[in-house]
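What Swiss-Prot lists as domain 'HIT' is 38-160. Taken from Swiss-Prot, the feature site 'Interaction with DNA' covers Tyr41. Sequence annotations record features per position, and here Swiss-Prot assigns active site, nucleophile to His147. Residues or ranges marked as Zn(2+) binding site by Swiss-Prot on the basis of experimental evidence: Cys200, Cys203, His217, Glu221.
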Amino acid sequence: MSVHKTNDAFKVLMNSAKEPIVEDIPKKYRKQSFRDNLKVYIESPESYKNVIYYDDDVVLVRDMFPKSKMHLLLMTRDPHLTHVHPLEIMMKHRSLVEKLVSYVQGDLSGLIFDEARNCLSQQLTNEALCNYIKVGFHAGPSMNNLHLHIMTLDHVSPSLKNSAHYISFTSPFFVKIDTPTSNLPTRGTLTSLFQEDLKCWRCGETFGRHFTKLKAHLQEEYDDWLDKSVSM
């Protein structure tokens with residue numbers, strides 16, 4: 001597949017963020033770049049119903065266009081770090097990484113599990129959910145404010161609209177929070193991933209570039225996982 005098509009797929013991912021992030025963006029923010037749309041949550045978290053937790057340090061918000069059954073964003077409110085690239089955060093600001101991990105695994109774990117049950121099934125145990133949630137950054141984020149993705153593995157969602165969406169969360173483009181610094185990718189080197197064949201994250205079956213077939217399969221995989229998990 002040509003490099004031109006690769007670039008087109010990457011542009012699809014980056015341009016998809018132009019969808020509005022909030023339902024009612026205040027007038028003072030409406031003319032700013034779409035890449036700054038997460039800023040409203042950091043500055044005025046109390047104003048938005050999709051914010052489920054905030055304190056002086058972080059904000060936890062439901063992604064308005066989730067790419068899985070459950071898809072949350074955890075954002076630092078530190079003005080000195082919110083615009084730092086996630087790969088630089090992973091490499092040079094380990095204290096922030098550790099703080100975010102401590103929120104996910106500690107103070108916010110109950111909220112995250114409850115949110116997952118609300119989105120998937122109330123019958124799921126914390127143990128089942130713990131193995132079905134991934135946490136990480138995009139190597140090439142489409143939004144300016146640093147945001148950590150906390151999401152279930154299913155990738156079953158109407159907002160998962162194209163191959164680029166799926167690949168961005170199921171390839172090395174999605175950098176898991178526990179990735180060693182020695183294994184971090186170099187910025188700007190992963191765009192070739194967007195030309196690869198689509199592959200089920202769970203069973204490994206490949207679908208070429210047939211996104212519609214993949215989406216149907218992902219629903220089947222989710223249904224199978226859920227049936228087995230609630231029967232345990």
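Start at 1 and count along the chain as shown; that gives each residue its number.
Using the three backbone atoms N, Cα and C, a Cβ is placed for every residue, glycine included.
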> Once the DSSP letters are reduced so that anything not helix or strand counts as coil, what is His217 (Zn(2+) binding site)?
Replying inline: helix
>> Measuring Cα to Cα, how many Å separate Cys200 (Zn(2+) binding site) from the residue listed as 'active site, nucleophile'?
In response: 25
> Ranked by the number of other Cβ atoms within 10 Å of their own Cβ, which of the recorded positions His147, His217 ranks first?
Replying inline: His147
>> Can you give me the Cα-Cα distance between Tyr41 (site 'Interaction with DNA') and the residue listed as 'active site, nucleophile' in Å, rounded to a whole number?
In response: 11
> Looking only at the domain 'HIT' (38-160), what are its DSSP counts of helix, strand and coil residues?
Replying inline: 45 helix, 26 strand, 52 coil
> Are there any residues in the same chain, six or more apart in sequence, whose C-beta is under 8 angstroms from the C-beta of Cys203 (Zn(2+) binding site), and if so which?
Replying inline: Glu221
> Between His217 (Zn(2+) binding site) and His147 (active site, nucleophile), what C-alpha distance do you get in Å?
Replying inline: 29
> So which other residues, same chain and not among Cys200, Cys203, His217, Glu221, have a Cβ within 8 Å of the centroid of the Cβ atoms at the Zn(2+) site?
Replying inline: Trp201, Arg202, Gly204, Glu205, Leu214, Leu218, Glu220
> Just how many other Cβ atoms lie inside 10 Å of the Cβ on Tyr41 (site 'Interaction with DNA')?
Replying inline: 23
